[in-house]
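Trainee: Marked as domain 'Copper amine oxidase N3-terminal' by TrEMBL: 1-100. Marked as domain 'Copper amine oxidase catalytic' by TrEMBL: 126-543. Taken from TrEMBL, the feature active site, proton acceptor covers ASP205. Residues or ranges marked as 2',4',5'-topaquinone by TrEMBL: TYR293. Residues or ranges marked as active site, schiff-base intermediate with substrate in TrEMBL: TYR293.
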Amino acid sequence: PILTIEDMISATSAPFANSDFNRSIIQRGVDLADLACLPVAAGWYGKIEEKRRVIKVQSFTLKDTINFYMRPIEGLTVLLDLDTQQVIEIFDEGESIPIPKAANTDYRYSRIKKNKQKINLLKPISIEQPNGPSFTIENNHLVKWANWEFHLKPDPRAGVIISRVMFEDPDTGKMRNVMYKGFTSELFVPYMDPSDAWYFKTYMDAGEYGFGLQAMPLDPLNDCPRNAYYMDGVFVAPDGTPYVRSNMICVFERYAGDIGWRHAECPITGLPIREVRPKVTLVVRMAASVANYDYIVDWEFQNDGLIRPKVGLSGILMVKGSPYVNMNEVNQNEYLYGTLLSENIVGVIHDHYVTFHLDMDIDGPSNNSFVKVNLQKEMTSSGESPRRSYLKAVRNVAKTEKDAQIKLKLYDPSEFHVINSNKKSRVGNPVGYKVVPGGTAASLLDHNDPPQKRAAFTNNQIWVTPYNESEQWAAGLFVYQSQGDDTLAVWSDRDRAIENKDIVLWYTLGFHHIPCQEDFPIMPTVSSSFEIKPVNFFESNPILNIPPNSPKDLPICKAAASA
């Protein structure tokens, strides 16, 4: 099962009962009172892990800094039996590697504001809503905004679940189904260091730790703007006791000066036209702190029918201790498995993959199909045109699951549609939505590498499966110490029929991360997203009737004299 908070707390204290462990810490010159232990999922690598729940524990020192991640006791790893709390094995191979110093590792504003870094501070920005927000939340979970309506739920494993997503058609006034359920199904974070202290760091943050269980209360005015609505998560402890994770999700409207649509005529037409509409969106946000890393997950809704899932990465790098303080000390043939970020600190190269489960219901759950629309180069015939080539869109309806296993290719471009072939627009096009990839990355690990076998759902960026209630978690229902025999890849290889069915589309957002000095001691947020966008779903632009802003709509707010 997923690790519980109690599992992790007990794992951090259990090594202290082992005299060999305590001796290793003292020999490194660390006071046991300054020790911080971090429980790390062990993955799956062989017989020693069979028939028992195990975890690995690594150590850091808190002396002179709150940022203990930057002071690793390198090479010291404990293999622990989670149930008996007994140490199975101790690996200690880093005695010669110094513990990095604490200097410049603290990131708290109260501790760093007096340092020498010169920053030209920005003046505060606050978005005001004179008439209040435009969204409502009924029965604590039903969100209504613009033409959108959906159910919002905190979840201990997925974090946020968006379900029963519907859009009111601007022409007919009818509520139309778009998506039955969407959520983060799994996260895979493999580090690229095969050494004894690092090879097992290949985390599954949802299935091993619980993505929602790691969600932290959001900080008003910093995580979310002034007029945000906050929702608590109510979860269950291992003994059945319910507990509240306060302010786990926020909902707010965003306006950043973006444009919904515009057109102006140039002077040669003689037409004095300038029509512009502002873009305001609705954002559902959560943030999870999975040990050192922080993930910000947004579901952003536009009033033109588009949905944009977005993932931001911040927090603290997982680093390794190093004997080097400068790159000029490193032998030309020696590979560090990362970047020297500061004296004796190497940020190890790693990937992040976030796989989304998107149960699409385009105008209803049945009769949905996946269509790959290839853009192909066509050559003109001799004398046909001054042009020699053009692009042609070729539609291919996926019959079975293997037809819908997609690896993205820059020089083989495609669009990826989910359509309802039984519903047609006024001019005869099947109604649908398309998944529009953004910046992403693909896993380069060998398919037989143990962590990649467990994370085979990252072998493709897109999969489509027939709906099955038991197939919601891309790495399988039980992920901790799994061997990869119950993954999305295994299900999809059954090659079941998916044409005119109730189908689920899976999309994986990926990041390659080669750390750099700007990531030290805490990372500026890096983000990527993809879009779920209407394609012939509406008869025309669904936001034609949105009015432009005028000065009377947006009064300038001034501070009261008593403020």
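Our numbering is plain: 1 for the first residue shown, then up by one each step along the chain.
Any Cβ shown, glycine's included, is placed from N, Cα and C.
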Trainee: Counting each residue once, how many in the domain 'Copper amine oxidase N3-terminal' (1-100) are helix, strand and coil under DSSP?
Mentor: 31 helix, 30 strand, 39 coil
Trainee: Measuring Cα to Cα, how far is TYR293 (2',4',5'-topaquinone) from the residue listed as 'active site, proton acceptor' in Å?
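Mentor: Cα-Cα, rounded: 10 Å.
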Trainee: Residues with Cβ closer than 8 Å to the Cβ of ASP205 (active site, proton acceptor), same chain and 6+ apart in sequence?
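Mentor: Residues satisfying the criterion: GLU186, LEU187, VAL189, PHE211, GLN214, ALA288, VAL290, TYR295.
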Trainee: With every protein chain in view, how many other Cβ atoms are within 10 Å of the Cβ of TYR293 (2',4',5'-topaquinone)?
Mentor: 22
